[in-house]
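Quick look at what Swiss-Prot lists:
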- 1-21: compositional bias 'Basic and acidic residues' (COMPBIAS)
- K426: ubiquitin cross-link (CROSSLNK)
- 144-397: domain 'ABC transporter 1' (DOMAIN)
- N1405: N-linked glycosylation site (CARBOHYD)
- S2: N-acetylserine (MOD_RES)
- S32: phosphoserine (MOD_RES)
- S52: phosphoserine (MOD_RES)
- S56: phosphoserine (MOD_RES)
- 1-37: region 'Disordered' (REGION)
- 2-508: topological domain 'Cytoplasmic' (TOPO_DOM)
- 570-597: topological domain 'Cytoplasmic' (TOPO_DOM)
- 644-657: topological domain 'Cytoplasmic' (TOPO_DOM)
- 787-1182: topological domain 'Cytoplasmic' (TOPO_DOM)
- 1226-1254: topological domain 'Cytoplasmic' (TOPO_DOM)
- 1313-1318: topological domain 'Cytoplasmic' (TOPO_DOM)
- 1466-1511: topological domain 'Cytoplasmic' (TOPO_DOM)
- 509-529: transmembrane segment (TRANSMEM)
- 549-569: transmembrane segment (TRANSMEM)
- 598-618: transmembrane segment (TRANSMEM)
- 623-643: transmembrane segment (TRANSMEM)
- 658-678: transmembrane segment (TRANSMEM)
- 766-786: transmembrane segment (TRANSMEM)
- 1183-1203: transmembrane segment (TRANSMEM)
- 1205-1225: transmembrane segment (TRANSMEM)
- 1255-1275: transmembrane segment (TRANSMEM)
- 1292-1312: transmembrane segment (TRANSMEM)
- 1319-1339: transmembrane segment (TRANSMEM)
- 1445-1465: transmembrane segment (TRANSMEM)
Amino acid sequence: MSSTDEHIEKDISSRSNHDDDYANSVQSYAASEGQVDNEDLAATSQLSRHLSNILSNEEGIERLESMARVISHKTKKEMDSFEINDLDFDLRSLLHYLRSRQLEQGIEPGDSGIAFKNLTAVGVDASAAYGPSVEEMFRNIASIPAHLISKFTKKSDVPLRNIIQNCTGVVESGEMLFVVGRPGAGCSTFLKCLSGETSELVDVQGEFSYDGLDQSEMMSKYKGYVIYCPELDFHFPKITVKETIDFALKCKTPRVRIDKMTRKQYVDNIRDMWCTVFGLRHTYATKVGNDFVRGVSGGERKRVSLVEAQAMNASIYSWDNATRGLDASTALEFAQAIRTATNMVNNSAIVAIYQAGENIYELFDKTTVLYNGRQIYFGPADKAVGYFQRMGWVKPNRMTSAEFLTSVTVDFENRTLDIKPGYEDKVPKSSSEFEEYWLNSEDYQELLRTYDDYQSRHPVNETRDRLDVAKKQRLQQGQRENSQYVVNYWTQVYYCMIRGFQRVKGDSTYTKVYLSSFLIKALIIGSMFHKIDDKSQSTTAGAYSRGGMLFYVLLFASVTSLAEIGNSFSSRPVIVKHKSYSMYHLSAESLQEIITEFPTKFVAIVILCLITYWIPFMKYEAGAFFQYILYLLTVQQCTSFIFKFVATMSKSGVDAHAVGGLWVLMLCVYAGFVLPIGEMHHWIRWLHFINPLTYAFESLVSTEFHHREMLCSALVPSGPGYEGISIANQVCDAAGAVKGNLYVSGDSYILHQYHFAYKHAWRNWGVNIVWTFGYIVFNVILSEYLKPVEGGGDLLLYKRGHMPELGTENADARTASREEMMEALNGPNVDLEKVIAEKDVFTWNHLDYTIPYDGATRKLLSDVFGYVKPGKMTALMGESGAGKTTLLNVLAQRINMGVITGDMLVNAKPLPASFNRSCGYVAQADNHMAELSVRESLRFAAELRQQSSVPLEEKYEYVEKIITLLGMQNYAEALVGKTGRGLNVEQRKKLSIGVELVAKPSLLLFLDEPTSGLDSQSAWSIVQFMRALADSGQSILCTIHQPSATLFEQFDRLLLLKKGGKMVYFGDIGPNSETLLKYFERQSGMKCGVSENPAEYILNCIGAGATASVNSDWHDLWLASPECAAARAEVEELHRTLPGRAVNDDPELATRFAASYMTQIKCVLRRTALQFWRSPVYIRAKFFECVACALFVGLSYVGVNHSVGGAIEAFSSIFMLLLIALAMINQLHVFAYDSRELYEVREAASNTFHWSVLLLCHAAVENFWSTLCQFMCFICYYWPAQFSGRASHAGFFFFFYVLIFPLYFVTYGLWILYMSPDVPSASMINSNLFAAMLLFCGILQPREKMPAFWRRLMYNVSPFTYVVQALVTPLVHNKKVVCNPHEYNIMDPPSGKTCGEFLSTYMDNNTGYLVNPTATENCQYCPYTVQDQVVAKYNVKWDHRWRNFGFMWAYICFNIAAMLICYYVVRVKVWSLKSVLNFKKWFNGPRKERHEKDTNIFQTVPGDENKITKK
């Protein structure tokens, strides 16, 4: 038992001894319990009262938490003999009560273990592949026929391999199995195979036995008893911890419960019990959160995942790398929580953990070791080390067992373990030799006997009967016997609905933004169409505007549902995980969305309708108004489920958005407004039958115009010469007009204009109801087939022509030795001692850092001092929140807020101007451009960060040296990629270090948590490289969180902090940590064991461990210690002796950037071009969007005729083309955001290049690709529509649309992104601005009909006004009008006159022509001669085309300027209200930039030139 366990148990004992009252209450309750058992308790629950007795008082909760910590340290074997005194604590009574009452009442727990033999998993051999690029995209397209042929002939050319093979083992109920293996060893595949999650594999072979049942039967009938828990925590971030756990428990509440508890009692009691055990009770009301939503901590989120999994009441749990990203303290708490669960409810746990400390390893009962997919050990955990020691390997002192077992699986040439003398030729060297040794060992034979014994002890029929009973007792009444789900379908829907309302409540910000967007847009639309007509009399002048407003409102209500695609993909990982847990049908989640989303959408539609109906003076009838609401609400629901259906059908968000954009275009074009039904081509007209907007638009328009009599606004003929003419000889110039009638019937108008009829209104609503339910059914059915996101190991992506030879088991080359490192960094034949003696020394003293916090201030660092000498590695340690990273950032001058005071000196002098350029900083997050190769990333850093005087060839030579030193030769041409498809964690960390090394940091190298997330061997490799780097003369300051003993002893010096940024120790570590341990053993009175990790020991001493507690203030102990006095004296001595040493203050290093501006442009432009070229998904999505949408528009308007309607169609088609730009801008935001994040996180802080270079280069390359896309748009739109082929027309359209318009929308899109905090915000701003520009450009509402304010301001400001004018004119210029029959104005001349005589005066003053001048009745007058006259009423003129061209250049220049200025103001400058109001400072001095970190921002305090403050 460890010292921690002893302290916990002593603490429990001492508490019970001094608390007789509580012990008496326990005894009284136990006595009463014996009486209560004999009474009828059908109406009450003994367990409920028993738990309430424990959990209702603070002492009970504290004892339960303490005892849970003791149990979490016990293995299954130790638990069998573990006894708890009833007077000490009543958890024993609780545990015994739970199990005994289950058995007494005939409740079958359903426990099960697992055994497997010769398990082999076959998968696709994907250890390396060619990296993505546009070239590879075309290669894949060209290879499609070959793939189809291979599928047809059933000859697959996909290489296969055994991911794991010949694995055998037994895990009994209540046992924990520790899976050891490096990344790529097959640990994840091993866990998935045992859990039945094998959909990603080609084949699974071997024997499985779940207490006798084979895997097929277990997965088909009892899937809920076996759970695979992925390494990532997928939860709905906006709901609370209590709501998350309650939902899981409700879905798994059994029908038969102990003591006939109600469902609510069961949920409340079990939740309180587990959350008390796992320390989550204080988080009940806190949101779960995620990486982007603030909530509980990462460790608490892991425990939420554990409680949720325990709520499943399963028998076998597989935890895949569950502690990745957690510090060692949190990882220990997590492992202890799993141990507690197995001991309390007798389930089994199979766990894979990286960098497991000895205290974690000791919790496990059994261990298996995997080496390149081969099993090389399975057996008791406490015998694993001995097995490999007998093999011949030597385990160093203080190396943890897990670290030793992992080290054994390293390739022989990189293996650092010693071999026993005489065993050099006996030990296995490769994975196949290890496997052969294992299969021939006595331990393997013992395992086979254990397997056979397990099989004999668990007859199949007995297990089947037992699990059948357990399952029947769990299934809710009415649930199918063979169902995998505990509660029935409608109960699932009900619980999902409750959670849905909780999600809506938790995400109130989204709801507010959603409703606000409807309110703002409604106000804009309402004011834009204000007083279409006078309330007392409608006129034909407002008819078009009335239809345009209805169409725009309908379009807005529908297109907002496009956000359903993003929402669907954000929630998919969570609901797919729940499906794998057998919690509920995915269709139940789909159904609940109908109910939970409806209130918000209903309120939004009501807001929209109230404003857009009454302000524009629509029909003043209550019935018409409520029909207006009904039609809009129905079509919104229908389109919402259309986009949900698109998301369900798609595998990725990129594909879904591309298809969704095409759907939007179809909905717009075939709604009946921009392309009337009568003008649709017969071969494509069927689209309007499946378009819900068609039915909704007809219902809206027909209801609005029904029984409306519109006074004619323009009679033909009229004007001079026709003053006294009779109405019998005139006709209204409006669709549906009847000669001789001053009024136009609304029903007649919509019939001739749109081919609509009022009698279809309610039929259309019924059709949309059918469509809505149809899409609901499609979505519900398809959602049941959603599959989890495909996973897999790290896949290296190589540039074509640089793929390494197949068959290598490891892609890493040997890391350089100390001698090679010294020669590469300092040159050959150098005197290392002299080099170190001449290097600068960095010191800091009396360092404080204070930040504003909640209206007050908080001190994060308090009186910190220390130094870093050349050739030494200094570790910076402390518990989470102690201020390690904060101190590192302060020393590296990467802080831009708060106040810093103290001394930071180089050679006892103020920091030189070259300080920033002389230091390197390796951040914890490995941020690199995914599309670059390792060599290209290093060359890019070298070109821009080394001095400009260094020749390019010399920079590249140095890059090759760094590649060799880091052992990256084998993957130097591999792309960085994303996690899982690209470099693994270790390779990324090496690249991060390499990027800083190629900059040649002559003074200091800062590293923040360089071993975080690595397995033990990878962490050892990184620290060994750092050690070699330090031995060559480099100064290193590194934060590290609870390293293993072997890693810890590589450091020379330690600076230890406690919470509040207070120092606890600074000094040498000493050989075998003797110097450090001597101090802490003296202060604490506790000895550090020989096998104990010194790093964990000192953290437990100061109270930083998972269960440690202290009574002394270690900061005060340190200040009073002689070690502190000696350390301060050392700092003072350095300050006294170092001033005579010269400081390297090269003037070239004093500049902020090493490279010139033009060099920065050249390098960044080249890198950006590579980024685009190697992003085929983005390029493919752009081209698909452009080609598909433009072709759709072109074919919809194919062969536009010479009629009046043809001119309007040309006008409307431009409206459709503008919508394509909206989709491209949204795609642009997502892609450009990654580059912005990379720059701001890493490159800006390291002064790699100026921020404006990023903006201009990205705009240039984005414009190039967008221009190619626009060219395809032109081809697919212009020629199918058969517009004018004259060079002056087609050439101008091409010039403007292909060459000028992309410049506009690219610079506009980047401007919006670069001033926005994130992509969703950018998309929201863009959609509102874009919609406003479309609304005010004159298409939906002609300029003359706009209110004066909008007409004078927004019409002239909207850039789309000039885009539309410029693009429409070449389509209609000089195109003769040939009116269709329904477009003629037909009237009768006065008696005795011909049509020509009657209309001659009118035609002299107006445009148009007369078809039958000699006729004496039914004069057919076409009001236009050429289509220019048709569009002239929209203020579109051919003579304005070059003016519009000039205006667009003005807008482009404005966008570029706005992009630069807004980025500078929003993301570069550090603003405060005081500085903004200080106008004098605006003109007299430069301000500090957010990304700038040069030392002139430090201001000296009068009287002390070395004292610095920073605000």
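Placed from the backbone N, Cα and C atoms, the Cβ positions cover glycine too.
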Contact yes or no, the transmembrane segment (1183-1203) and the transmembrane segment (509-529), 3+ Cβ pairs under 8 Å, gap 6+
no
Ranked by Cβ pairs within a distance under 8 Å of the transmembrane segment (1205-1225), the first of 598-618, 623-643, 658-678, 766-786, 1255-1275 is 658-678
Chain residues in Cβ proximity to the transmembrane segment (623-643) (below 8 Å; excluding those fewer than six residues from its ends, i.e. six or more beyond):
553-554, 557-562, 564-565, 594, 597-598, 601-602, 605-606, 608-609, 613, 660, 663, 667, 692-693, 695-696, 699-700, 703-704, 761, 765, 768-769, 771-772, 775-776, 779
Arithmetic mean of per-residue pLDDT over the topological domain 'Cytoplasmic' (1226-1254)
88
N1405 (N-linked glycosylation site) and the residue listed as 'ubiquitin cross-link', compared by Cα position, are separated in whole Å by 110
For N1405 (N-linked glycosylation site), what is the secondary structure by DSSP, using just helix, strand and coil?
helix
Intrachain residues whose Cβ lies under 8 Å of the transmembrane segment (1445-1465), provided they are six or more past its termini:
1251-1252, 1255, 1259, 1296, 1300-1301, 1303-1304, 1307-1308, 1310-1311, 1314-1315, 1359, 1362-1363, 1366, 1471
Using a Cβ cut-off of under 8 Å, list the residues of the same chain at least 6 residues beyond the topological domain 'Cytoplasmic' (644-657) that approach it.
564-566, 568-569, 590, 593, 663, 775, 778-779, 782-783, 786, 1177-1178, 1181, 1223, 1226-1227
Restricting to the same chain and to residues at least six past its boundaries, which positions have a Cβ under 8 Å from a Cβ of the transmembrane segment (549-569)?
517-518, 521, 525, 528-529, 532, 605, 608, 612, 616, 632, 635-636, 639-640, 642-644, 646-648, 652-653, 656-657, 660, 664, 667-668, 671, 673-674, 692-693, 696-697, 700-701, 704, 1320, 1331, 1335, 1340-1341
Work out, from DSSP, the number of helix, strand and coil residues along the topological domain 'Cytoplasmic' (644-657).
11 helix, 0 strand, 3 coil
Can you check which residues sit near K426 (ubiquitin cross-link), meaning Cβ under 8 Å from its Cβ, same chain, 6 or more apart in sequence, and list them in order?
G392
Cβ-Cβ under 8 Å with the topological domain 'Cytoplasmic' (570-597): same-chain residues at least 6 beyond its ends:
197, 223-224, 227-228, 230, 232, 234-236, 248, 251-252, 309, 312, 484-487, 489, 492-493, 495-497, 499-501, 503-504, 637, 640, 644, 776, 779-781, 783-784, 786-789
Helix-strand-coil residue split for the topological domain 'Cytoplasmic' (1226-1254), DSSP-based:
22 helix, 0 strand, 7 coil
In which DSSP state, out of helix, strand and coil, do we find the residue listed as 'ubiquitin cross-link'?
coil
Over all shown protein chains, what is the count of other CB atoms within 10 A of the CB belonging to N1405 (N-linked glycosylation site)?
11
